[in-house]
């Protein structure tokens, strides 16, 4: 491994020299380590651990923009990759966790992630990096839900809050550590090490699971032959659900920004999305025994309430995480790195909230009241974030983030605990996968809604500001750190920054709505204690 890494590094250095000699723009990933694209830095602080590593590396690897796919093609690529990660992985993998040993399924997913890391480490062009990241996404998509499932398999319910709190706190802390490690590796060695480092870590995880986790017998013996085994995994349901959600996401992303709401493209996307969704629901009802989302599971009151709660909190989290960084860069005029540092309050408070939520669950025993506290903090935090302006003091925006982070941390594990109090053990893997699917789905939908709100408000207010010579489309295409370069006097700059501030804070109303809805969903969850729960038959 050391020799391979050294060879990769030498190859990188050789290519850098060729670039200097020929004075050409970089055309492949290997040629890009000495360059920096500020647009790609805008969201690096929003990613956790591994995402932080690779995104930090991506800042050092720009290409000639003429070589990128067009807007439509790029939208389809990114939606396919991101949606494929959590749709193809989360829900169908819940079936794997149900019918096969969670230990071996989890180890296989980690191995797939390692393969993707190896592909990314050896990439000679950006297309190969995309392939590597997609493979990583498939493996990583089932790891989070799988971690919770493994805890459910190996710990009694009354002890799980402590372990889940540690798990969620670790995720929050990794959001800080990941980009820092990625930046250090990219600056002092090579971006390839952001991929290479995952390989020994993944190997260590597999070794620990192999030697220390007891494998539970799966239910694969119920299925006779490959046809029956494949049928158990519900390929029809997955084939209907994936394009349905992609259509919905694209419609929400494009409507009101690229196209009007009555444009035929938007209408067609909603129609196709609706028809595919109906087809998915029908397929689940006709084959309940092999359904990806069994009706008897999702229609259970606590499961449905927990799914909705997870979707709302996930949506609020991604909206705030996405836009608070933009606010720091555009309104407070700081770099992407400084914006990342200023969101530490949000991330650390999530970690503290996760630990406190775990302790509270073990002490109180009932998830619903903690979910209500979580929703209250989220709603209050998001509401306060809507008051941000150009002159907001640091004590205020730090305090607002802490309230938001505590709310997110408090509620992050409660849905997974609640469903275990009402379901049979065989249905728990499916329910937990459904919970994490809801979190990812809610995040994707609400980010699109937030983007739409931002665009609508920004276009309207910028038109009212009447800044001479300023093109609205150009501003929307410009990174948050660069918008100040588009105007040339203080009066116009003040108008532009004020417009941007109002547009960003308008997106926090979306998070506020999600927080209020999560409060309502918590009332659906039954008050059943996690202490000494009798198995459900």
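Placement of Cβ uses the backbone N, Cα and C atoms for every residue, glycine included.
Bear in mind that the values here come from a model prediction, so they are computed numbers and not experimental data.
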(message) Labelled transmembrane segment by Swiss-Prot, one stretch among 31-51, 430-450, 451-471. Can you tell me which?
(response) 430-450
(request) From the ranges 1-50, 101-150, grab the one Swiss-Prot calls region 'Disordered'. (result) 1-50
(message) Highest Cβ count within 10 Å among the glycosylation sites 333, 501: which residue is it?
(response) 501
(request) Taking the transmembrane segment (339-359) as the first stretch and the transmembrane segment (162-182) as the second, find out whether 3 or more Cβ pairs fall under 8 Å, excluding pairs closer than 6 in sequence. (result) yes
(request) Give me the Cα-Cα distance between residue 333 (N-linked glycosylation site) and residue 501 (N-linked glycosylation site), rounded to a whole Å. (result) 12
(request) Please work out whether the transmembrane segment (304-324) lies in contact with the transmembrane segment (507-527), by counting C-beta pairs under 8 angstroms that are 6 or more apart in sequence and asking whether there are at least 3. (result) yes
(request) Please classify the secondary structure at residue 501 (N-linked glycosylation site) using three-state DSSP. (result) helix
